[in-house]
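Peer 1: Heads up, here are the entries from TrEMBL:
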- 64-475: domain 'Major facilitator superfamily (MFS) profile' (DOMAIN)
- 104-124: transmembrane segment (TRANSMEM)
- 131-149: transmembrane segment (TRANSMEM)
- 161-181: transmembrane segment (TRANSMEM)
- 225-245: transmembrane segment (TRANSMEM)
- 296-320: transmembrane segment (TRANSMEM)
- 332-352: transmembrane segment (TRANSMEM)
- 359-379: transmembrane segment (TRANSMEM)
- 385-405: transmembrane segment (TRANSMEM)
- 417-438: transmembrane segment (TRANSMEM)
- 450-470: transmembrane segment (TRANSMEM)
- 481-519: region 'Disordered' (REGION)
- 492-503: compositional bias 'Polar residues' (COMPBIAS)
């Protein structure tokens, strides 16, 4: 689109580096790079390319990305441990023979729903993420340890609600931080890895519970499932404390100890070349623009449907227990599904960043989810087929958070609230879907559950198709406006600035799925 490359806000070479394209001035350096480095660069962006940018992103990975992954690890560990505890003695000790397992999830979801948007508004306006998020992590870790002393299900309901309320800041905040630092050819693979921290946490929880059940059950008068909550807290609190130092806030506001002055300036120019500016102060007008615009709602439908259509994973261990597998096997066998999810989703993220074809990759995963849920709907098939269906359902998490961040990169306030708002709707589904579609007393075979998940799979495909169409339409509109601005009566500086903004916004809209070739 841009007829004069010198109109860009930062030098062309630097702008190209941030989008993952090797600048022409570094062609000689790229040719001299060892073959192994160039080959690895096809998979991971910090292995090849401009030396300055490579070292900068490597440091970003070492501090920000690692800290966020550790934070999400403890979030998901503390969120899902009740499921392992339930099949490891908690059900019998607390006499949970009704729908209590689902109600534990419902109370947690209610906390997430109430806390999601306020938590992001607090980070935008009042408290830095580097302070707010670690404080919440410490608080919920303490509450998780408190679950070990629960004598009845009512106490657990209350604790689960407040754990959800505190965890509401986490995933939307993590994704917003990543979107504020990484370029479009860097973000998807990292969000894919972040999502797979869920699987690592689930695997770890399964192995930890299996180990505690065999080695600690009855020690000091505590059942093995109670030790799980204690150990989760012991693991979580040190990680939460590191967050005060590892989270750097955003490029325009960072005070992180590991950036020097030159790196801070480079970080700001790097991210501004992608049209990503510092969040503006919140006002009623800004909030209305976010929530009354179409972009946030176009994102919500596919986000929620993708999150829901692979929830068969939540009921795999109930089928294993009902089928006569031991406590050890019931905790360990699902970890193979977690491993599959890690391989599939990280590969998905690398391919998506390399090719830009996020739309078709998401559609492919949703087709897999539809096949999985069709098998589970039929049900009367060999056990090997049911195992296959449960295992492939683990591959259903897709990179919609990264795609949403890339599509809306020019609006930092929208990026901060995007996943938080989608999380509210997603967890609103969690309030009723387990109770209505997957009642515990019907386990492991459900009358309507998997049929509805098939519908969710088709709605996910419709949603990503609609979102892609709307952003493609806007990118074309911005392209036309950019061409029209060249002939108006504005001064050279004004027209250059306006065109610059339009080019960057159109380029960002185009990048995730190669909708429009903007640069």
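Just so it is clear, glycine is given a Cβ too, placed from its N, Cα and C backbone atoms.
Automatic prediction, not curation, is the source of TrEMBL annotations.
Just tell me what is around each of these and how deep it sits.
Peer 2: Counting same-chain residues at least six beyond the ends of the transmembrane segment (131-149), those with a Cβ under 8 angstroms from any Cβ of the stretch are 71, 74-75, 78, 81-82, 119, 122-123, 156, 159-160, 162-163, 166-167, 169-170, 173, 222, 226-230, 232-234, 236-237, 239-244, 247.
Through the fold, the transmembrane segment (417-438) approaches residues 99, 102-103, 105-106, 109-110, 112-113, 116-117, 119-121, 168, 171-173, 175-176, 290-291, 296, 299-300, 303-304, 307-308, 311, 314-315, 401, 404-405, 408, 446, 448-449, 452 of its own chain, all at least 6 residues removed from its boundaries and within a Cβ separation under 8 Å.
Through the fold, the transmembrane segment (450-470) approaches residues 294-295, 298-299, 301-303, 305-306, 308-312, 359, 362-363, 366-367, 369-370, 373-374, 376-377, 400, 407, 433, 437, 513, 515 of its own chain, all at least 6 residues removed from its boundaries and within a Cβ separation under 8 Å.
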Peer 1: Determine whether the transmembrane segment (359-379) and the transmembrane segment (161-181) share at least three Cβ pairs under 8 Å, counting only pairs 6 or more apart in sequence.
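Peer 2: Contact between the transmembrane segment (359-379) and the transmembrane segment (161-181): absent.
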